Amino acid sequence: MSDQKLSVNEYLKTDSNYLRGTIEEGLDTSLTGAFNDADQQLIKFHGFYQQDDRDLRNERKEQKLEPLYSFMLRARVAGGVCTPKQWLGVDKIASTLTSSNSIRLTTRQTFQYHGIPKRNLKTLIQDLDREALDSIAACGDVNRNVMCNPNPVESKLHQQAYYWAKKLSDNYLPRTKAYAEIWLGDDKVAVSESEEVEPVYGKTYLPRKFKMAVAVPPDNDVDVYTNDLGFIAVAEDGELVGFNMVAGGGMGSTHGEVATFPRLGDDFGFIKAEDCLKFAEAVLKVQRDWGNRSDRKQSRLKYTIVKHGFEAFKAEVEQRAGVKFEPKREVVIGDRGDRYGWIKGVDNNWHLTLFIEGGRIKDLPGQPLQTGLREIALVHKGDFRMTANQNIIIAGVAEEDKAQIEALARSHGLMGKLISPTRGHSIACVALPTCALAMAEAERYFPDFMTKVEALQEKHGFLEQPIVIRMTGCPNGCARPFAAEIGLVGKAPGRYNLYLGASFEGTRLNKLYRENIQEAEILAALDELFARYVKEREAGETFGNFTVRVGVVKAVIDAAKDFHG
């Protein structure tokens, strides 16, 4: 590949001195609340994005002011596990260093802050560091936060799976000292041209973002097939023996560009647990060397596999790993939702899953959620565990402490509200007003929209049955809308593309049903489909499977050919 073909980002990475760029100079500049264009790309590797308040954009323009710039910072928390002490630190940061005064749980089992002024960035990162937390590689062209079923004390198998998720996270962190130098005040280290700073990533890192997940069947809460690389735990007599490996998933696409599409990962076969890191590193290095560095819209692993072919990619991974895949083991992939309320673990401790609407932890009228979790953290002796459905688990509660934890949860509006199965299975991205890519609302609008969907379900007599519904403000797919039975993807203010037909378990994508429609049209379409579903469904048939069986949409078997066709 010639230099002329490289995307701008590749030059930026090459010239960045291993992600340093001119970030420090940008921090010292008080003339603007922003970083320059090049550093805006590099700061992603440090865990944050530059944003502005889009609700105020026109008003500030009229006042001849620059946009109200702020930053969204995402933490790296493998498997979503943190201690009560860490949670108190996370909470204090939200209350003192951000304008949103909130904590946002993400669809990848971590938390993020919105509304951070540039002047607060260094203090915030240093405060996180004091809690043994960081934001390294939470964004950027690297392996991002590794997901795992969030309750590793539910069984021995969960503990073993979490161990490997943590190893995957730690092993594939960038090795550059840029983060420590810029944010934590570590001594600067001169880097020679011959020095191998990044043994896995190299000087230009990966062509694009890379996402990993570890699933523990029958749960598929981590949506393992939507990841670049997924490991599905295989057990014998309750002990982890290895994983079925899947690779090539990814949700992002671009409206109107048929060369871009979401995709679910391919099944590659079974690997022994002790070979997990060999295969992970092999996949990363093949993607590093084979991935498209010219067109970032074609740079994800899914396009690399489609371009080179499954068999060629598999053979290269085996060659680099030095181990061959065994035939895939049979496992059952089931529910993607969280189990709300109390669950008892094998160690006789209890785990309380709390529903957090939109993942937004903030004190609301009659629901002081943030205060409630703070009060719980002050007395809780176990862990906090964030889920891929934007919820939180108070894990490791002793029998004698249950009543106190439940009383705190109920008195602060964290328990007691009846949640329908569909609402409990549904998620939305942040979108407006902070996300620069959003074309329509998601988080702010989704609760009211879900109330209207619930009314339709009640009208047709199946409110007790869950449907996986997801909404995003754009087609980048942060809330994994293309793997939802009903997916709504923002097209313009108040307008969405409506997708139908994904499987309930997350093993089949959905397909476009109606394009660029408003709420009234969406609800009318669902009203009609719900009526048909109740009359024509087969025993135990999920809504997504029904829409495919009766021909409302065609099944997506090969995304490269079927998703747009």
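Indices start at 1 and increase along the chain as displayed.
Yeah, the Cβs are placed from backbone N, Cα and C, and that goes for glycine too.
According to Swiss-Prot, the protein carries these features:
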type	residues	note
BINDING	Cys429, Cys435, Cys474, Cys478	[4Fe-4S] cluster binding site
BINDING	Cys478	siroheme binding site
Other C-beta atoms that fall within 10 angstroms of the C-beta of Cys435 ([4Fe-4S] cluster binding site): 22
Packing count at Cys429 ([4Fe-4S] cluster binding site) (other Cβ atoms within 10 Å of its Cβ): 28
Output field, [4Fe-4S] cluster shell: CB within 8 Å of site CB centroid, site Cys429, Cys435, Cys474, Cys478 dropped: Val430, Ala431, Leu437, Ala438, Ala442, Thr472, Gly473, Asn476, Gly477, Ala479, Gly490
Number of Cβ atoms other than its own within 10 Å, given for Cys478 ([4Fe-4S] cluster binding site): 22
Cβ neighbours of Cys474 ([4Fe-4S] cluster binding site) where a neighbour is any other Cβ within 10 Å: 23
